[in-house]
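A.B. asks: Got a structure for you, written out below as structure tokens; questions coming shortly.
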Amino acid sequence: MFNKSVNSGFTFGNQNTSTPTSTPAQPSSSLQFPQKSTGLFGNVNVNANTSTPSPSGGLFNANSNANSISQQPANNSLFGNKPAQPSGGLFGATNNTTSKSAGSLFGNNNATANSTGSTGLFSGSNNIASSTQNGGLFGNSNNNNITSTTQNGGLFGKPTTTPAGAGGLFGNSSSTNSTTGLFGSNNTQSSTGIFGQKPGASTTGGLFGNNGASFPRSGETTGTMSTNPYGINISNVPMAVADMPRSITSSLSDVNGKSDAEPKPIENRRTYSFSSSVSGNAPLPLASQSSLVSRLSTRLKATQKSTSPNEIFSPSYSKPWLNGAGSAPLVDDFFSSKMTSLAPNENSIFPQNGFNFLSSQRADLTELRKLKIDSNRSAAKKLKLLSGTPAITKKHMQDEQDSSENEPIANADSVTNIDRKENRDNNLDNTYLNGKEQSNNLNKQDGENTLQHEKSSSFGYWCSPSPEQLERLSLKQLAAVSNFVIGRRGYGCITFQHDVDLTAFTKSFREELFGKIVIFRSSKTVEVYPDEATKPMIGHGLNVPAIITLENVYPVDKKTKKPMKDTTKFAEFQVFDRKLRSMREMNYISYNPFGGTWTFKVNHFSIWGLVNEEDAEIDEDDLSKQEDGGEQPLRKVRTLAQSKPSDKEVILKTDGTFGTLSGKDDSIVEEKAYEPDLSDADFEGIEASPKLDVSKDWVEQLILAGSSLRSVFATSKEFDGPCQNEIDLLFSECNDEIDNAKLIMKERRFTASYTFAKFSTGSMLLTKDIVGKSGVSIKRLPTELQRKFLFDDVYLDKEIEKVTIEARKSNPYPQISESSLLFKDALDYMEKTSSDYNLWKLSSILFDPVSYPYKTDNDQVKMALLKKERHCRLTSWIVSQIGPEIEEKIRNSSNEIEQIFLYLLLNDVVRASKLAIESKNGHLSVLISYLGSNDPRIRDLAELQLQKWSTGGCSIDKNISKIYKLLSGSPFEGLFSLKELESEFSWLCLLNLTLCYGQIDEYSLESLVQSHLDKFSLPYDDPIGVIFQLYAANENTEKLYKEVRQRTNALDVQFCWYLIQTLRFNGTRVFSKETSDEATFAFAAQLEFAQLHGHSLFVSCFLNDDKAAEDTIKRLVMREITLLRASTNDHILNRLKIPSQLIFNAQALKDRYEGNYLSEVQNLLLGSSYDLAEMAIVTSLGPRLLLSNNPVQNNELKTLREILNEFPDSERDKWSVSINVFEVYLKLVLDNVETQETIDSLISGMKIFYDQYKHCREVAACCNVMSQEIVSKILEKNNPSIGDSKAKLLELPLGQPEKAYLRGEFAQDLMKCTYKI
């Protein structure tokens, strides 16, 4: 690529342009394929004794063929050597040797057998007499089968004294006996790909491991490779059993800081990142070498990750069971494991001895835990204890037929999903271990990826069993899938605790489940079945109990709206944890602040998580409440492997090595081996020793128990209140009461963190108030009714005077039978400058009856006079509206004839004639005088003159032609039409021309207006235009009214109601009852909203539907009885003839809510509601008067008798047994009527009364009092017939003490009778 030659190399290998003269020789081993392999970084030929004409160089390595004869010089690749240049590599020194091959940046391209070349990158100069080959950055690509050679180390390697090839950065790809790579050697008999093995491929070196196919010659032995962390295989080293190695859990450094093991070449040491688990690809020792030492070495192999340093290019967690699937990229492990402190050596950036404290402390704490077996705890619970995430612990096969076929695939998929979760969690662990900077970087990356993740609804979702496995299951198996888990990477997961039915998603499990049925949102919520229509019942489908785990759930600062991930803020996390525990219907399980993992249990599915974003907000008030609750003892947070070590736990060394841990690891969760089973017998020997004041005397004990200072519930704390002087001590109780009162006011005050607004039934708004004591305030919204006269009671009285009110046929509620309401009545209360005055004035002109000062008996004359009067009023009103517009044009015009025409627009013929005479246009003054005469001859002559001008081609002034057109009586028809004036004048000006100069005698006023509207389109949102349209519609007024109401809001509710009622009662237009009631409902509601209850009640009387009128009037009176019974509005109820029963019932309801039961009964009696009055006496008034009665004066009982006497005799005969009990009881107490009939009536009625109303609190107490009175009367008289009534007396609703006393009296009477006998 950059080294062009005749036989130049390509980027990933050389392309030979010469034809080979010989074929590849047979390999020396049957395992070696006779082909030329090209690796990722160059050609790696393992063909021994091969004659290749053109050995090509790769990108990073060059081909070397030991014992081969090169026919032409080898051309180097991108970083390869050039022949005949004995110079060093990139940083290598020049060697004084006889060889002509130099080291390259990434290795040597040695084509000779015995030569001494310079070292590669970072290698020192070598002056070695023996044959030496140099190591490159990625190792040498040599096939030298010479055991006496010595190769120098690569980038970080040290020279070895053994006859082995030099190690590269990622290991050697050679066939020498022993190779030492940077991360260890892996010399096997099989080929290795970039990330693992690929059987059947050529023996080419991998990216991160060596793939040296060892082919020893005759007489040579094959060396074994070091696979343990120390670079040697101690299973092959003979040593005494007494020389036991140190414990694998002990520190690698002794007291003096020296390593127990000899330092090995760094190339030979394989390290593992934090995300790695137990290595699964460590080779086992040979069976023939089994010994104690070998077994210890096996343990070392299994735990080498916990003692290996965390290097830059340490491989991630290997998964050998995934059929060659690679792990996470190594660069991720490098950047996810930044060191907080790094002290490099002089010659290496890695420590040569010792190990990383982070790797030792946090690599995998599960290996340092003791094995505890508890049958009562499942493996899933233990897994949640360590990581907070669920995992599948067992696989329940749905059918025996697919157990042998699908089990391996299912296990692989399950492990894959779990490993992805573990790798991500371990990356988070490294973030928290390495400090805030790495946490910020990770959060930044997560934030950048969040937008991309949200773009795809199914991005990051996974489930177990996987969708592929589910597709292979039958419908019967899908109906009950156990251990189903579904989640989303970075969001959380759901573990269903019962079998789920997945038959509804057989169309596509991936499309139906991921992001459609199960939705994990970035708002820390999860939703299953977002569509309620498709949501099954509880217990079906996915709507079963489950355990939900949400990730990255942190408290949010209320001010900055940013999550608080600093775990040192214990107070904030405690408050946040308390909020999570108090979530309703989400049974809290655990919360891990390191990672923000929140686990909880739900019984069914809806939207779960932080549904309300304010639940995660933490402010100073929450922290102050936490502090006000008293100083709690500091609790040590139980941390997992994600916990961050403190600075005191870290000891850094300055000699180039990392410090080791000191002390005990606090992050290890200690579990007890067992928990003893306790029974009641275990507590028999334990004596309670309460520190309470007790006494054997019951009286003294009650005094002690009643004392607030010695209460067992009183909190014992020292007095720390303000006590600055003697006044505080003297009035401490008073100060405490004041403080308590302030505290109560503060607690009762509404202090919600959010703003709110709520409408009440009275059309009032309840809002938050930060000033008032209650924290809320009631506000009234502004009404649309802006007409002030509506708020005047005088206007309401005038309206009531103009209507006739009668009772309806089906109910006693009022109805307006006749009305003489006119638009002009409202004009008297309006200001002439208001915007509504012109509208109501026009309506009065068009719709109100016209009155004239004289009478006539001829109907035709009357109609003509009425028409003329209305026409005159209408044109006068229009002139007043267009006057300013025309006057402005007259002032701006200099043409006298044009000014004459403008005067005619104002129907001012006098001024127009005067101007015509002054301007020497006398003929025009004569013609103008005929305007408005409606003479047919004048109209014909004017029309004839216009035709002559048109046919003769005469040039005539347009203003003169306009005047002639007005004389013709059809200004907007025929020749010289004035429709072109539409762009110059308003539509009201043109309408005035039609009304003033049209054929008014031939047509009615409505028809004349309609003819003009047919020629011009009026603006639909102009209320004046709408009124003209309604006036011209005549018979179709209601239809046009509905269309206008649907199209525009030009007419307000009040005007529409007034228009309909005026036209309906005057008989000028016809409106249906439905249209009238619709307008009445709307106007009455608007008046009620404006607190004009009297006006609303008056308008409601216009309703035609009797049932609707009854409901509306009743609701209004019952709700607003207080305002309607006020002194200013009391006459309205009488004038509107509201039923008295409704008024008194409404007042009684008000008294009941206020607790005035006596007034309630009195109002019910006044309203003749005897049934309601009887119920009120039985349940409320009677028991209360009896319980509050003074036995001496009996005033309350006398009041009760007066109330009962107000019932008419016809109603007294209908009394129930319950109210009759009070009447008989009053006779017994007030009148001393103690006859047997009275007592029997009381006893029998008392039982019925009690059984029927015992749910009322006052009734039970009242019956007890009356029963005691009955028993006392009987016992005082010593009635001889008492023996017959003993059973009945004991059935009275007496208390237990009273019944016991009564039984005792009966027993004494029995003993007396026996003694006498």
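Any Cβ shown, glycine's included, is placed from N, Cα and C.
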A.B. asks: Here are some residues: Ser464, Ser689, Ser970. Which is flagged as phosphoserine in Swiss-Prot?
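C.D. replies: When Swiss-Prot is consulted, phosphoserine appears for Ser689.
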A.B. asks: For the candidates Ser414, Ser851, Ser977, I need the one that Swiss-Prot annotates as phosphoserine.
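C.D. replies: My reading of Swiss-Prot gives Ser414.
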A.B. asks: Swiss-Prot annotates one residue of Ser273, Ser457, Ser955 as phosphoserine; which residue is it?
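C.D. replies: So the answer, going by Swiss-Prot, is Ser273.
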A.B. asks: Labelled phosphothreonine in Swiss-Prot - which residue from Thr298, Thr525, Thr654, Thr751 would that be?
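C.D. replies: Per Swiss-Prot, phosphothreonine applies to Thr751.
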A.B. asks: Under Swiss-Prot, the annotation region 'Disordered' belongs to which of these stretches: 1-36, 181-216?
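C.D. replies: When 1-36, 181-216 are checked in Swiss-Prot, region 'Disordered' belongs to 1-36.
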